[in-house]
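S.K.: Below you'll find the structure I mean.
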């Protein structure tokens, strides 16, 4: 074991015999410091749970003269054990001695009280831990430290630290000389979980409740207690209502009900003013009477007024409809009058034109009778010719004949049977179907046949009842346009067919023929030559 012993310290020099007497007091003080340091090391080792066999090696007063090196040595062992690295100094004898009789010095009353409170807290904490270990684990009653608890613990620890610092400063002020020799107390870590008094059981939050039969029972009991508390509070509030306040509320309620059943004067004006102004009071009473009668059943004049009002309300939409109908009729009359005026103007213009054209028509008829023998002679000489050069030469005598020549100059295709001329050969071939008695268009309803498709279509209107041609004046409808033209002559008064023997004129040609037969005894013209029936092929056109 000799190789394990450290070298001697340079500070531990043997004193001379001459200086033993002088430095006796100093040596005694030094040995006391070493003994106190040894006690401190032993206490710290016991607190850190070091092995007992290492204690002789950890500290030997003969090897190290200064106790200031021991905190550095113990610091490494503390880190190995997992404790925080906090600077530590050897404890003074005052920190080791717990009893007042064992101390060599006296403390202030505040310091004494503080030490006593700390001892009591430690004892109560140990007892509480022992009881907690003995109790069975119940997950439903496990407490959870909240922010309020930590804040409260921090406040208690800060107050303890401040009291300690204040007491230490007072001790230094009272004993300035002893504070120089005695080492300061070590720095201890603050325990945030410690408190001066045992914490009361707090209500847990909803997040840390674990289901168990005990927790369910506790929950139901807590709900029952809360319901009982709320009922007690409600009963207390009802009993605590001031009777004066209750009476005031009752009076206000009755006043509001009576205001609906009493005259206005009871609330609007004082009684003195109502007595002075009797007329106003009478008017108010009448108003109240009418109001009560109205609320009772709308009797008397009010019922009549109400019925009149409802009748007017119901008649308003009918009046509006009548006004709209009258306006529409006026607009239609105006439109029909304007259309009638236009038709009358057109009829007058046509009548004047016909009066001017009648002598020209008579001249044209005379010329036509004169041209018939010439045309017959020309047809005998040229049976296949359809040209009308002879007719054009004979009609160039007058201005009207010149205009007619211009109109007929484009008509180069003439019928051999009746002398009609056409612009196109297709039109002539369709016209020849009349003379040949060929009817290729039958009616799908009755089987009647027609020469032209337009005639067949007009005939089908009789079966279908369709009348597409409508009069703009009287809105009468017709199946054929010719009938509409004849009908319009009634509204305009236009009579295009006039008798050359008298001054009478007619709207239809049939009426003119009947007039001649009855009045002037004219026989209908008898044709000497009967129309020939011939078949015309499409190649002849």
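Keep in mind that glycine also has a Cβ here, set from the backbone N, Cα and C atoms.
The model shown is predicted, which means the values in this text are computed figures rather than measured ones.
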S.K.: Any idea which of 354-412, 413-471 is down as region 'Disordered' in Swiss-Prot?
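M.R.: Region 'Disordered', as annotated by Swiss-Prot, spans 354-412.
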S.K.: Under Swiss-Prot, which of the candidate ranges 291-312, 313-334 is annotated region 'Disordered'?
M.R.: 313-334
S.K.: Please work out the mean pLDDT for the residues of the zinc finger (469-491).
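M.R.: Value for the zinc finger (469-491), mean pLDDT as a whole number: 90.
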S.K.: So which residues does the zinc finger (469-491) touch in its own chain, when a touch means Cβ under 8 Å and the partner is 6 or more beyond its ends?
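M.R.: Same-chain residues near the zinc finger (469-491) but 6 or more away: 336, 339-340, 343, 347, 458, 461-462, 507-508.
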S.K.: Going along the chain, which residues at least six beyond the ends of the zinc finger (441-463) come within the CB cut-off of under 8 Å?
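M.R.: Result: 430, 433-434, 479-480.
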S.K.: Where DSSP helix means H, G or I and strand means E or B, what are the helix, strand and coil counts for the zinc finger (441-463)?
M.R.: 11 helix, 4 strand, 8 coil
